[in-house]
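Supplied in structure tokens, the structure appears directly below.
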Amino acid sequence: MFIFTHSDHRKFTVVVLLLWTLHITLAFPAFDPPEIDNVSRRNEIYSIMTSRATTGKSGGKSSTTSGASAGAVNYIIYPKKTNIKSKTSKLTATLKDFSKIVHTEESKYVGILFWEASLTATQLKEVKASPEAGSVLVAPTKDSKYTDPFTHETDSAPKIQARQQIKQRGATADVRFFNWQQGHKFTDFANNFVYDSSAGSDVPLYIVDSGADLTHPEFTQIASKASWLFAGDDTTHGDNHHSAHGTCMLSKAAGNTLGVARDIKPIIVKVALPFDAGRYLQGVNMVSEAVGEGSGNTRAVLLMAWWYARGQTEGTVNDEWIAEITELLNSLTRRGVLCVTGSGNGVNIAGSPNTVAFGYPAGLALGPTPAVPGLLVAGAVELDGSIYRRSNRDPASVFPRVYAPGYEGMLCAGLNRANVASSGGTSLAAASTAGMAAYYLRLPHLGNEVSTPARLKSYLERNAWDRRTSPPRYPALWNLVPYSRRNQCIVQRQVKTTHGNSLGNGTGAAVEDSRGDACILDTISSSSSTLVADAAAETPKQNTLTQPKGKGK
């Protein structure tokens, strides 16, 4: 037997420590960057040599890698549309060999949607030659131009019985429009907007757009419930659009005084500038991943109030993009999400008449066998129910099947916490339609009528009605509140803020309007005295037909 003495133990310990030090030195050699006179270039090389691939959660499996060679250009690479779910391994390996993948957008439900990669001219040629590659386009930058969605631009229904209703005094005309019941006059509700107190309570409403300014007074009821997702590198809360498009959309869907479903749960999916179609696709994929598995029962609404014409340079809309968003939207529908979009404002797009919804996502619902049959498309109308002159539509096939106000001058929440007059368009109509879908979903008496996205879509379409008496038809939405001279209700009173004067009678007592409606007072804040609508000035002409002049573009 070998016995350690005290001296032997000390010698053994020293040997072990020496061996461990040698192991560390061999495994992790000291990094010493080469001597370079140019300090900035030395720092650059140091950064490249010490960088590691980083993985960041996006929609599905999404990764980002830093480092681009001199002379390389960033490209968006879509797999061939027949290879969405498979056969991308060789192209993935090629891009990894180049070590130039900047971003990979992948869906658990669809597969790889696209890569963004920094490629030299030689590498680009090799990628294009791959049988797994579809479209390859130059990736937009923050300075790229983008299309501005603002300027781009039945059965007898059951009635709400024995439920508490909320009455908003001094509502704008486009909001009161939704109270306009068939067989009655627009003026029957006077200056009031009456709605069911369920107000779309906690229905998840995903909005893929430019973000939103949740500090705006229109969002005091829902701001605390909001959550965020980010498509691209802009991870700041707020709105990155020069006219606050996303903020406007949220206000028309769910604003305190401008919306139709005022208690929803907003999920803001902020798309980074320049709002290219690739990043928009990423935003929709993030919704898909966030929703997860589902039984098919209606559980959320998705608003896509953006519109891309096919072949736009900045939009990168191509066969692969169309196939991928088709897969995503059909998958979302199967998992319980009603997807809503606008028909688009095509009058100023070269070579595209505004009588056909030729852009996307709207075009996916067009035709006898639509690619996405569950997609609800909204067109825009004037206050009298006539067509908004720039709203895409196909009267021959009665498309779209639902409309909502989208005329010029409508108020919506804008920049600097103010309410502004919009330039009109189908984005506004789509936002109100998405809000109305959430509102219908929480009406308890509807039950099975709205239990799946297909049924909810059908119910919205069946209860829309044409405010005019002559064709073509433009059936517009109604919030199912029947006219009554004595609606038991809560009056929503706007109180004075730093942004405007008070509305209502300014007291906390029960009040009666000129029709003798017994009401209880509910106090909320308002952002602007301009919300007081002049009923006489905004009364639409009854049963008139206004046709757009010329074909437009």
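Glycine too: its Cβ is placed from the backbone N, Cα and C atoms.
Just so it is clear, the model here is predicted, and its values are computed rather than measured.
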Which range is it, out of 224-245, 488-509, 532-553, that shows up in TrEMBL as region 'Disordered'?
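It is 532-553 that TrEMBL annotates as region 'Disordered'.
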How far is it from D209 (active site, charge relay system) to S427 (active site, charge relay system), counting Cα to Cα, in Å?
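Spelling it out, the Cα of D209 (active site, charge relay system) and the Cα of S427 (active site, charge relay system) are 11 Å apart.
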To the nearest whole angstrom, state the Cα distance for the pair H245 (active site, charge relay system) and S427 (active site, charge relay system).
9
